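Novice: Got a structure for you, questions after.
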Amino acid sequence: MHQPPPIIQFNRILGSLMRINHYPTVISLSKQLESSGIIPTICTLTILINCFCHLRQMASAFSVFGRILKMGHHPNTVTFNTLINGLCISGEVKKALIFHDNVVAQGVRLDQVSYGTLINGLCKSGETRAAVQLLRNIEGRLVRPNVVMYSSIIDSLCKDKLVAEANDLYSEMVVKGVSPNVITYTALMYGFCIVDQLQEAIDLFSQMVLKNISPDVYTFNILVDAFFKEGKVEQAKHVLAVMVKAGVKPNVITYNSLMDGYYLVKDVKRAKDVFNTMTLRGVIPDVRSYNIVINGLCKNKMVDEAVNMFEEMHQKNIVPNTVTYNSLIDGLCKSGKLSYVWKLIDEIRDNGQHVDVVTYNCLLHALCKNHDIDRAIELFNKIKDSGLQPTEYTYTILMDGFCKVGRLKKAREIFQNLLIKGYQLSVRTYNVMINGLCNWGLFDEALAMLSEMEESGYNPDAVTYETVICHLFEENKNDMAEKLLREMIARGLL
């Protein structure tokens, strides 16, 4: 235009583009604006700062902030909040706190948005204690803690399974007149569910509804998932019905929870129906959806169908992740289809992904189960050469393999090596050794290991007792077997 319009018009355009996340476009247009001789205002520069912050280009954001100061403008709270948020989303929370201290030292009064952003940043970076401390500090600064601050901390405490503390904070906010919102309730319900306090989560849901706070899809998903994990299929279906009646549309997480739940109770048909319904209703399955289906099919010994689902992922350009490969490899190993497993391992490498120790453990277990101990040793050496650290379970699998082929001396060496290296052994590791000794008739050594196990602070489980008792009965050592059987009953393991 021959006569350019006021800067406010340009700011509106830049602001609109910023709100729909076109940050590079805003930066480019800002440069055009200045090259046309139009002087930016503090509003223009704050929009520019926001774009640099979202692109995690904090050096550029602070460079623009320096221009604001040089131009003689007085930055407002919005500008400070934008920079604090930028530092937080860039993972530089400590720098955000230092910036906050410098700003406050200059007499600037920050607001609820500033402190809500800092508290959220601390929580996201795992500094929940520091977030609680900041909440306590601001109460004396004429800034009233709000629902955003409380909800961020409650959510973080719950994710850390510190649900009792989260519940206390919830009670505190209610007493102080801060009304919880759907985010607060959902976070606390999730906390109760992950510590197996489902009834408390249900009670909280009822409170929420009584207070006319509408549950969202995340709230319903938490309950659906929790009911299924406890095998309460009917209750989960009831929650889903309430959800649909309330006009809340199920999302991919809802369908994933349903499929996971049905596979958990071995209802493969319904799980498949959910997957088909999901796609018919326009909800696109994600990598987790396919992972649930592949894992569920493998667990139900339907490995060929799992392979078909894996190939469908490729057709739909959904990139498999480590969980996908591990689930399928585990299923293939257990069904003895090792040739396909080696192809998958090559595919993982070709995709630039890393084969992890869990994948190798599945393959090692299959080789040991088939008594192919030489190839198992070869694979074990390959694991170590690749730079991966074998886990206690890796060694346990190898010990079991040696026991199966009668190479007890080698199994004992590995066991002793684990003790020397300070590995935290499991009851399963002792069970493997005890079973190996019993299988080869070395009962005195097996009983000695049972005693050693208890002396080391490991309580024998039902498998330990059953292994020894069955072998003793087979060898007609009935008195000793009955003694252990009574001991097993006394411990409540039968």
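Any Cβ shown, glycine's included, is placed from N, Cα and C.
Annotations per TrEMBL:
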type: REPEAT; residues: 41-75; note: repeat 'PPR'
type: REPEAT; residues: 111-145; note: repeat 'PPR'
type: REPEAT; residues: 146-180; note: repeat 'PPR'
type: REPEAT; residues: 181-215; note: repeat 'PPR'
type: REPEAT; residues: 216-250; note: repeat 'PPR'
type: REPEAT; residues: 251-285; note: repeat 'PPR'
type: REPEAT; residues: 286-320; note: repeat 'PPR'
type: REPEAT; residues: 321-355; note: repeat 'PPR'
type: REPEAT; residues: 356-390; note: repeat 'PPR'
type: REPEAT; residues: 391-425; note: repeat 'PPR'
type: REPEAT; residues: 426-460; note: repeat 'PPR'
type: REPEAT; residues: 461-494; note: repeat 'PPR'
Novice: Tally the residues of the repeat 'PPR' (356-390) by DSSP class, grouping H, G and I as helix, E and B as strand, and everything else as coil.
Specialist: 26 helix, 0 strand, 9 coil
Novice: Quick test of the contact rule: Cβ under 8 Å, at least six residues beyond the ends. What residues does that give for the repeat 'PPR' (181-215)?
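Specialist: Residues 147, 150-151, 154-155, 157-159, 161, 163, 166-167, 170, 173, 222-223, 225-227, 230, 243, 246, 248 contact the repeat 'PPR' (181-215) from elsewhere in the chain.
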Novice: Who are the long-range neighbours of the repeat 'PPR' (356-390) in its own chain, taking Cβ under 8 Å and residues 6 or more past its ends?
Specialist: 322, 325-326, 329-330, 333-334, 336, 338, 341, 345, 348, 397-398, 400-402, 404-405, 407
